[in-house]
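Asks: According to TrEMBL, the protein has these features:
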type: ACT_SITE; residues: Lys8; note: active site
type: ACT_SITE; residues: Asp132; note: active site
type: BINDING; residues: Pro90, Ile91, Gly92, Ala93, Gly94, Leu95, Gly96, Gly97, Gly98, Ser99, Ala100; note: ATP binding site
type: DOMAIN; residues: 63-137; note: domain 'GHMP kinase N-terminal'
type: DOMAIN; residues: 206-251; note: domain 'GHMP kinase C-terminal'
Amino acid sequence: MILFPNAKINIGLQITEKRADGFHNLESCFYPIPLNDLLEAIPADQTSFEIGGIDIPGDPATNLCLRAYELLKRDFALPPVQLYLYKMVPIGAGLGGGSADAAFTLRLLNEQFRLTLSDEQLEDYARQLGSDCAFFIQNRPRYCTEKGDHFENIDLSLSGYTLVLIYPNLAISTAQAYANVRPNKPAVSLKTRLQAPISTWRETVHNDFENSLFPMFPILNTIKQELYQAGAVYASMSGSGSTIYGIFEQKVPVPNHFQQYQVWQKTL
Ligand SMILES: C[C@@](CO)(OP(=O)(O)O)[C@H](O)COP(=O)(O)OP(=O)(O)OC[C@H]1O[C@@H](n2ccc(N)nc2=O)[C@H](O)[C@@H]1O
Ligand SMILES: Nc1ncnc2c1ncn2[C@@H]1O[C@H](COP(=O)(O)OP(=O)(O)O)[C@@H](O)[C@H]1O
């Protein structure tokens, strides 16, 4: 069986407090986007894991796909599988690629071996693998709270808009990004501000990681401002970076100087 784990962007990200467990509570809209890896599982005599495409730093034995397989194997008599991941979503990009791979591995094994786990049960497993992972079980625009692993419905669609992603060939560690933030509780909730027209978001919808990461990596803010100059209705960093995205009302010629980066554009 083959599935195509997709990336996400964060539309607004407020880090509201540091928790007793060392993690942070946040508020954000997670929005799935059609930028995908490829994940395949084939029953085999022995479990194995192979990666193609973009290099993933770290020991493949600790890859989130294998960790997802091992997590389910504790509770179910899973047969050995040959897992293959073709990686296309940039790493350390704030696009949740690793989390999507983990969640899609759970989904794939659930279907392929008819484990009959509900979405809620899959989300409980996914939470054990990473804060972002549970989102990718239902994989639709959600307003996320707590560690980013609790969900409320939100009426928000970017359908018809063109999304441009710029990955400036720079991987940012999520843990390090969190270490530099100063949590604060906003007077007006992000959810309320997201319900206003997109044209208002430039003034009202912010990603808190930008405050600490833009001074460290000025190129990120330069790219964001250039997306506005190119006509974006809204531009922001996604998650803990480093991808900067712009939302446009139509397809845009990508400025020449962006060619040194990885650029992705799609009408949603
Ligand atoms: C920042 C966000 C926003 O969507 O996404 P990315 O930019 O990574 O895609 C997420 O909160 C990233 O979630 P995820 O990448 O799953 O993080 P985890 O593996 O659970 O945690 C990595 C590290 O980040 C910190 N962390 C993560 C989530 C959270 N709510 N509070 C935290 O403090 C912790 O230091 C933790 O050790
Ligand atoms: N399947 C995977 N794809 C990407 N990264 C993975 C995967 N499994 C584990 N990782 C680890 O997760 C980290 C990056 O996670 P990723 O999801 O790419 O970034 P982000 O959290 O910024 O969205 C890297 O340290 C990488 O080694």
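Every residue, even glycine, has its Cβ placed from backbone N, Cα and C.
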Asks: Let me check the 10 A CB neighbour count of Lys8 (active site). How many other CB atoms are there?
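Replies: Around Lys8 (active site), other Cβ atoms within 10 Å: 28.
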Asks: Sort the residues of the domain 'GHMP kinase N-terminal' (63-137) into helix, strand and coil with DSSP and give the three counts.
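Replies: Residue counts in helix, strand and coil order: 38 helix, 7 strand, 30 coil.
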Asks: Counting only residues 6+ apart in the same chain, whose Cβ is under 8 Å from the Cβ of Pro90 (ATP binding site)?
Replies: Ile54, Gly97, Tyr167, Ala171, Thr243, Gln262
Asks: Give the subset of the recorded positions Lys8, Pro90, Gly94, Gly96, Ala100, Asp132 lying near ligand 2, defined as CB under 6 A from any of its atoms.
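Replies: Going through Lys8, Pro90, Gly94, Gly96, Ala100, Asp132 in sequence order, those close to ligand 2 turn out to be Gly94, Gly96.
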Asks: Pop the Cα-Cα gap between Gly92 (ATP binding site) and Lys8 (active site) into the table, whole Å please.
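Replies: Here the two Cα atoms are 13 Å apart.
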Asks: Which entry in the list of binding-site residues, Gly92, Gly94, Gly96, Gly98, has its Cβ near the fewest other Cβ atoms, using 10 Å as the limit?
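Replies: Sparsest of the binding-site residues Gly92, Gly94, Gly96, Gly98 by Cβ contacts within 10 Å: Gly92.
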Asks: Around ligand 1, within a Cβ distance of under 6 Å, which of the recorded positions Pro90, Gly96, Asp132 show up?
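Replies: With ligand 1 as the reference and 6 Å as the Cβ limit, the list reads Gly96, Asp132.
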Asks: Around the ATP site (Pro90, Ile91, Gly92, Ala93, Gly94, Leu95, Gly96, Gly97, Gly98, Ser99, Ala100), what further same-chain residues have their C-beta within 8 angstroms of the site's C-beta centre?
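Replies: Counting only non-site residues, the set is Ala7, Val89, Gly239.
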Asks: How does the model score the domain 'GHMP kinase N-terminal' (63-137) in terms of mean pLDDT?
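Replies: Here the mean pLDDT over the domain 'GHMP kinase N-terminal' (63-137) amounts to 98.
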Asks: Under DSSP, the domain 'GHMP kinase C-terminal' (206-251) has how many residues in helix, strand and coil?
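Replies: When I sort the residues of the domain 'GHMP kinase C-terminal' (206-251) into the three classes, I find 20 helix, 10 strand, 16 coil.
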Asks: Would you identify the secondary structure of Lys8 (active site) according to DSSP, in three states?
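Replies: For Lys8 (active site) - judged by DSSP and reduced to three states - the answer is strand.
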